[in-house]
Amino acid sequence: MLPISYTNLNSSRITRDGTASSASRYRRLIPEYFRRIFHYPQMDIEYTFWIMFYLCFNPSRVYRVTSWHKQTKNQWARDDPAFAVILVFFMAIASMSYAITFHFLSFLNVIKVMFWAVFVDFITVGLLIATIGWWVTNKFLRVSVHNHSVDQSVEWLYAFDIHCNSFFPLFIILYVVQFFLLPILLSNSLFAAILSNTLYIIGFSYYYYVTFLGYNALPFLQHTVVFLYPIGILFALYIVSVVMGKNLTVSIINFYFGFQL
């Protein structure tokens, strides 16, 4: 019989236990959503493109699927980061296209435009909007809970999902459609100003509409119509901008690229 070293056995057990405990701590500290960002095979790309398609043409259908997700995964939020990852990729390509179009050709300038579009416009603003939506809904819009009812609340990640869903149609309108209409939108005419401002009011109104649908899909929230109120403000600003002859496309391009068109 071979001699057994209990010291080695114990150290081996400690190593295995330590590795297991480290892995469990890692899983607790980093949610599955963020871990899967680095595991492309775990992302459901086909389902993500299905969501993107219907967000543009029938967004209410997307949120009907949300209730099924709650029943199967016991959470409202997506556990798959594919949507955010693909949207970031699309935004990087679009912002790089704008940089090339306006002769922002140096490497640092291209990175600057991509960084601003992805990490400021989409991620930073999105984190802020999601946090505000999460706080407002949980603080003011939840239905009163009865004694024997389960207390439910809006998940922060679901609020961020809503932002991602709402941002995609806005991206299509204000990044993609606007890009192909630039020869018209940048002309010095009243028609160009009206067309440009119409694109912006459609894009942002659609953003708030999809946001409303997202929160309205939660059965424990009430008065979610408040998420449609900003559309009225947008319409008033639209009228003012048209009367003043303000072209929002020109203003945005001047802001991003630092020159006067």
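From the backbone N, Cα and C atoms, a Cβ is placed for every residue, glycine too.
Over in Swiss-Prot, the protein carries these features:
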{"type": "TRANSMEM", "residues": "37-57", "note": "transmembrane segment"}
{"type": "TRANSMEM", "residues": "82-102", "note": "transmembrane segment"}
{"type": "TRANSMEM", "residues": "113-133", "note": "transmembrane segment"}
{"type": "TRANSMEM", "residues": "166-186", "note": "transmembrane segment"}
{"type": "TRANSMEM", "residues": "190-210", "note": "transmembrane segment"}
{"type": "TRANSMEM", "residues": "225-245", "note": "transmembrane segment"}
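The largest share of C-beta pairs under 8 angstroms with the transmembrane segment (82-102) comes from 113-133, of the ranges 37-57, 113-133, 190-210, 225-245. Contact check: the transmembrane segment (190-210) against the transmembrane segment (225-245) gives at least three Cβ pairs closer than 8 Å, residues 6 or more apart, which meets the contact criterion. Sequence-distant contacts of the transmembrane segment (37-57), counting only residues of its own chain at least 6 positions beyond either end whose CB sits under 8 Å from a CB of the stretch, comprise 80-83, 85-86, 165, 168-169, 172, 210.
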